């Protein structure tokens, strides 16, 4: 990483004179910011705030599906994929940060992923690929968070009232009301304190998941452990790529430029510190949950680890422990959901707000309240109507998170800094782009296959 930072600094130093010339256009650019950039992507944060945003966007309850991914890969495959994904995403996120820092030094700071693609790869890439894919991934994450929040609320309800008659969609609506309130936070920067609490919550429910798994594994209540891969050869092969997609999606972010946009200038070096905070939490949570969950439940690990704590309605750990773990998860899900609403909020603000009026004037507050409320209501309706959205999200992850987080950063770096074709960095980046492009296609096929297999179970507003 030091080599990368040296090369990028060298690239900037070569253009120092140019940087002095283009300061006026930078000021001009800042004056002409649209309402989305001006109000939602305020550049006021510090590196620690950036660390909070990064941690909330990556260390989410999706990590509770990692033992299930291990069940499809086995011990060796699971650990290898988890380590490789950590190394590649940390590397890729640093690359995209370096590209953003370089452009900021040269007098043109990019605040959005689609702006980067527009300037580096061409207008069509930004408008017809990166923009739509990022919106699909982020809004899909909001729907997924709302659905999972409803499922956790239903778990708490059934623990306290086993014969209860409330349906899943009712709990999804309840969680949607919480999202409706949080969605009105005016800017990404205004979420910094919420995301600090979110970081603590992610550590708490990960510790609960790990502790619960170890407790069950050491007791006589747990299932007989079997670490063999189940199914015939085709099922195992597609299962491997499903698992890779799950792990890639768990490490996925998709909003690195928008998070870096919240940093107050100068931005140099701040994102790296934020990423170090984030990946410290990633290593602690991802590996502890994945290893302990798979150790305790083997190939019987469920898609959501907390589901293994209940067998036929019987709790394998104290009920208060399940209630507490679900509450931590629900609260953090609300923070994750509102973070992934930010690209949508930015587009809505750009469309309906007036940058020449005050951020909190009636002219801007009323459209903001209406548009964001409609956005959350739509996401809640989708979550309630499609309780099988997890299968769809796997497809979105293959088409979205893999390109945005594994492929485009290395492409952006090579196009921006133009490393020598004899350098190891150039070929490492090319290898990452080729390998993960192939994985994205195969993972998408595996996700489509899973949707086809489960299609017979799909029912709108089903009470699953």
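Keep in mind that glycine also has a Cβ here, set from the backbone N, Cα and C atoms.
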Select from 76-100, 101-125 the stretch of residues annotated by TrEMBL as transmembrane segment.
-> 76-100
Counting only CB pairs under 8 A, let me know which of 51-70, 317-341, 395-413 has the most with the transmembrane segment (276-297).
-> 51-70
Distal contacts, the transmembrane segment (76-100) - CB-CB under 8 A, six or more residues away = 1, 4-5, 8, 66, 69-70, 109-110, 116, 120, 240, 243-244, 247-248, 250-253, 256-257, 260, 267, 271-272, 275, 279, 282-283, 286-287, 290-291, 294, 405-406, 408-410, 412-413, 416-417, 429, 432, 436
Between the transmembrane segment (395-413) and the stretches 51-70, 197-217, 237-256, the largest tally of CB pairs under 8 Å belongs to 237-256
Residues outside the transmembrane segment (237-256) whose C-beta sits under 8 Å from one of its C-beta atoms, at least 6 past its ends, are 54, 57-58, 60, 62-63, 65-66, 68-70, 72-73, 77-78, 81-82, 85-86, 89, 93, 96-97, 113, 134, 137-138, 141, 229, 231, 282, 286, 339-340, 342-343, 393-394, 397-398, 400-402, 404-406, 409, 436, 439, 442-443, 445-447, 449-450
Among 128-149, 197-217, 369-389, 425-448, point out the range having the most Cβ pairs under 8 angstroms from the transmembrane segment (317-341).
-> 197-217
Tertiary contacts of the transmembrane segment (128-149), defined by C-beta under 8 angstroms and 6+ residue spacing from its ends, are 60-62, 113-114, 116-117, 171-172, 175-176, 178-179, 252, 254-255, 304, 329-330, 333-334, 336-337, 340-344, 347, 376, 379-380, 382-384, 386-387, 389-390, 392-393, 396-397, 399-401, 403-404, 408
